[in-house]
Amino acid sequence: GIVSIMTLTVLAYERYIRVVHAKVIDFSWSWRAITYIWIYSLAWTGAPLLGWNRYTLEIHGLGCSVDWKSKDPNDTSFVLLFFLGCLVVPVGIMAYCYGHILYAVRMTVQVVKLLKYEKKVAKMCFLMISTFLICWMPYAVVSLLVTYGYSNLVTPTVAIIPSFFAKSSTAYNPVIYIFMSRKV
């Protein structure tokens, strides 16, 4: 049981390091962690064999465990520290690690949403700018032709179409916004 909870604790910590701190755990770190897990577990399970509490049959008689019932201060201190070191602290570490992982993931999701939104806004702005340029470029060309002495090429009919087209550009931005924004 101690090996299991400590393995889960180390896995939570490893996930925390990878996700929150973006660090990669190498193979030697993993072997050291496994070694520490087993040493930690052997220390706690060996303590009753060395006199700090003891092993007794459980109430159902099918297995043995530490003596939970003893009122001896030596035994109760073991049970208290065993409870803290093999349940409370590991669960606390797991809660801390996974809490920070969930927070980091939530922030990442929000950043991704923000990036998607900004990408969409950028597309919309690009379309608005393109539409503006498409509408105004013919008018600019006609204006430059007149400015530089080629007014004979610009008939009233030729001049009116780019003028109306350019002035209509203000109507296109709201239309583009309506079709590209879900909020509208």
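Note that Cβ sites are derived from N, Cα and C of the backbone, with glycine treated the same way.
Pulled from TrEMBL:
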type	residues	note
DOMAIN	1-177	domain 'G-protein coupled receptors family 1 profile'
TRANSMEM	33-52	transmembrane segment
TRANSMEM	78-105	transmembrane segment
TRANSMEM	126-148	transmembrane segment
TRANSMEM	160-180	transmembrane segment
How about the transmembrane segment (78-105) and the transmembrane segment (33-52): do they have 3 or more C-beta pairs under 8 A, pairs 6 or more apart in sequence? yes
State the residues, same chain only, that lie 6 or more residues beyond the ends of the transmembrane segment (126-148) and have a CB under 8 A from a CB inside it; answer 'none' if no residue qualifies. 154, 158-159, 161-163, 165-166, 168-169, 172-173, 176-177, 180
